[in-house]
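Q: Sending over a structure as structure tokens; questions will come in a sec.
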Ligand SMILES: Nc1ncnc2c1ncn2[C@@H]1O[C@H](COP(=O)(O)OP(=O)(O)OP(=O)(O)O)[C@@H](O)[C@H]1O
Ligand SMILES: [Mg+2]
């Protein structure tokens, strides 16, 4: 019961600032302090949403963006897990790969776009690849660091009881690193949304990034705001889902 | 106490195995580019089913010696042979309880003990055996707790149960009762003797407690710290046969001299030996 009240309180406190922001937004637009062509009122943004929704466009934008993020995230995270494990567990692969990967990580997301378009054309592949690059690095970094720092005494205990290779990884090393892995996945998902906009800003005809770009060209500030709010909501929603999984996975750590 | 582990092991318990150390030496490189010799020319033949206590000052290489037998480390010189066959990595014939409990923090005590079961143990058999071992070390009520929820002594007993789960031919115990309170310590010593009587196992046990060594062991091996030795010295300072059959009288007068001798070997002045009970 006390836990329940705690949750209610937490949600209420978390909602306080967004609600206040909404009120301020409403106040400054209703009073005419800021002209509508710079900041449309909340209800104008709401109308833009329902309008796009009834025309069936909003659903398409949301669906395609979510799909790109999820596919890119899964691919990038999977490769990040594999490469992170290799670099974290083997000195040789660390010496071989870590410097190069460190340098590649320093490349800003937008810098990849021309190259990806050249190589993979403007279709889905180039976008998903860019998002996968974005999701790869947080997973790779956290997994390799966590595996490198697994308590050697526990690893030795694993070996003493006959675990080696993949079984040692599965029974000792990965479980030890699990909290870090989940944290890395969470970061990666956030990063995937960031890279999504970079991918869709450049060359696309659908998606929230396209909506942003297109609205800018047509001067539809209401739709720009709508896209921003939706990106924030979707990012928060997917993060909350991972957070839920995290709690179930890590409750006994 | 029912200690007939054979009832649920389905004959999986290995027979006690002999251990032969010959010329075992271990030298570690030091950060300065030099070397540090920790073990030198250890020759020791342990009969199958024998209980050996290893005593010696802190840092003399007791844990290092156990690591050679468990094949977690390889000697610089010499060889370690169990039952006529050299030991190798992941050797199923030996099981070790480390000086620290080294439990997996995300697993319950039950799952930690189960970690010690030999690969391929049928599920039901394994579960029964784990439950029995937890009962044996007095942790049946704590089976579902996790290591951070239990005391150091309970963790150490879990670690002992994990080693026993392997049903090894050679049991390697590194100060297994070090973190226990005096009373639990005595109980666990008796438990070990019960386990040993029910299913003979070769036991090599590190301890810094001379009383414990004399109570449990057939022979006590006194190791010396090579840092205070002459170049002719080997790691084993002496081997003492403990007279009489187990279970021994804890206050056996016949052992008084041995006790004084061992304490002296450990660098404790003999006249500090506690007075004998009347
Ligand atoms: N992997 C290693 N590398 C370098 N030196 C080591 C290594 N393992 C052990 N040593 C050294 O070997 C010596 C003996 O260590 P060991 O742990 O065997 O002592 P011990 O007799 O078990 O001591 P204690 O009673 O305190 O547990 C120590 O000086 C230690 O620093
Ligand atoms: Mg030690």
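Even glycines carry a Cβ here, placed using N, Cα and C.
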Q: TrEMBL tags one of A:148-167, A:168-187 as transmembrane segment - which one?
A: A:168-187
Q: Find the member of A:102-122, A:128-147, A:193-212 that has more C-beta pairs under 8 Å to the transmembrane segment (A:69-90) than any other listed stretch.
A: A:128-147
Q: With CB pairs under 8 Å as the measure, which of the listed stretches A:102-122, A:128-147, A:168-187, A:224-245 comes out on top against the transmembrane segment (A:193-212)?
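A: Against the transmembrane segment (A:193-212), the leading stretch is A:224-245.
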Q: So which residues does the transmembrane segment (A:168-187) touch in its own chain, when a touch means Cβ under 8 Å and the partner is 6 or more beyond its ends?
A: 77, 80-81, 84-85, 88-89, 138-143, 145-147, 150-151, 154-155, 157-159, 239, 242-243, 245-246, 249-250, 253
